[in-house]
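Novice: Please see the structure below; I have some questions.
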Amino acid sequence: MIKIGNIELSSNIILAPMSGVTDLEFRRLVKRFGAGLVVSEMIASRAMIVESRQSLQKCSIMQDDATSACVQLAGCEPNVIAEAAKMNEDMGAKIIDLNFGCPAKKVVNGYSGSALMRDEGLAAKIFEAAVKAVKIPVTVKMRMGWDDQTKNAPTLAKIAERSGIQMVTVHGRTRCQFYSGNADWEFIKNVKEAVKIPVIANGDITNFAKAKEALEKSSADGVMVGRGAYGKPWLISQIDHYLKTGEEKPAPSIESQLDIVLEHYQAIVDYYGESAGVPIARKHMGWYSSGLPNSAEFRGAVNLMNDPIAVKDKIVEFYTSVINRE
């Protein structure tokens, strides 16, 4: 099993940090389906220090166990990241993850995320500052490099390891690729061979077969599931079962999916409040219903609703119609 410092994961399948997706309630749900580790949404370190309400909400920490309390920080100022890391440790975080992989323009233009891969000197200072600031393990998530000419993830991983970083996750694309093309899992093997700390493969892990292929091609210690978990929080358990037994575990029945969707919907509304919760829940309802009969009509109807009870009734009506078709 994977060990991050003194923390041992129960599974080698990790839920990726995803802005606007991996909030407290989604992490809680996916953890229940067997994720070895769940990571918060990316939080801007400077915003964390000034304690913006949004940043504090993003880092809401699950106290169930250490593998539920991993917070991802972004930023380019070593002292600011260090202070934010210490703040999160004081709030109960058990692992700090550093974002060196986000390709979004607004993040890169602030010289954060994957832009940091272009400055190995600054990267080293950030690693060292974060590790020195806290007693808990610090990890990093990166890409292969900035572009095809600068695939420096193996070098950066070595720098990270020397600085005290305890785990490296690599998305198998460059920043310039964004999410186009296919993730290069074979390249991640170069990172695995460069360091002794755990290496996690990320990118295009959308089903159990791809998870197995990614592990085989990368020789990584585990996989990180991102967009593949949209509307399928149970994917983690399917992958885990397949890797352990070689058997394909079916998705939950539609009846069970209805229970999961209703539970998640209610948790969102309870956590954010009705006015904010309903709009946030809409995207999840869209992902959950994708591929089911008449899902477009369902999504269209839900997107026009603001009353939480009406949305809940619509969810039940939609899934009941799917069940009756079977």
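Glycine too: its Cβ is placed from the backbone N, Cα and C atoms.
Model, not experiment: these values are computed from the prediction.
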Novice: Which of LYS132, LYS141, LYS283 shares the FMN site with PRO17, MET18, SER19, GLN72, ASN202, GLY203, ASP204, GLY226, ARG227 per Swiss-Prot?
Specialist: LYS141
Novice: Which residues of the same chain, at least 6 positions away in sequence, have a Cβ lying under 8 Å from the Cβ of CYS102 (active site, proton donor)?
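Specialist: Result: MET42, ALA74, VAL108, SER112, GLY113, SER114.
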Novice: Could you list the residues of the same chain, at least six apart in sequence, whose Cβ is under 8 A from the Cβ of PRO17 (FMN binding site)?
Specialist: VAL39, SER40, GLU41, MET42, GLN72, ASP97, ASN99, LYS141
Novice: Using all protein chains in view, find how many other C-beta atoms are within 10 Å of the C-beta of SER19 (FMN binding site).
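Specialist: Its Cβ has 15 other Cβ atoms within 10 Å.
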Novice: Taking the residues PRO17, MET18, SER19, GLN72, LYS141, ASN202, GLY203, ASP204, GLY226, ARG227, which the record names as binding FMN, find the longest CA to CA distance and state it in Å to the nearest whole number.
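Specialist: Max Cα-Cα spread across the FMN binders: 20 Å.
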Novice: Given a separation of at least six residues and a C-beta threshold under 8 Å, show me what packs close to GLY226 (FMN binding site) in the same chain.
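Specialist: Residues satisfying the criterion: LEU15, ALA16, MET18, ASN202, GLY203, ILE205.
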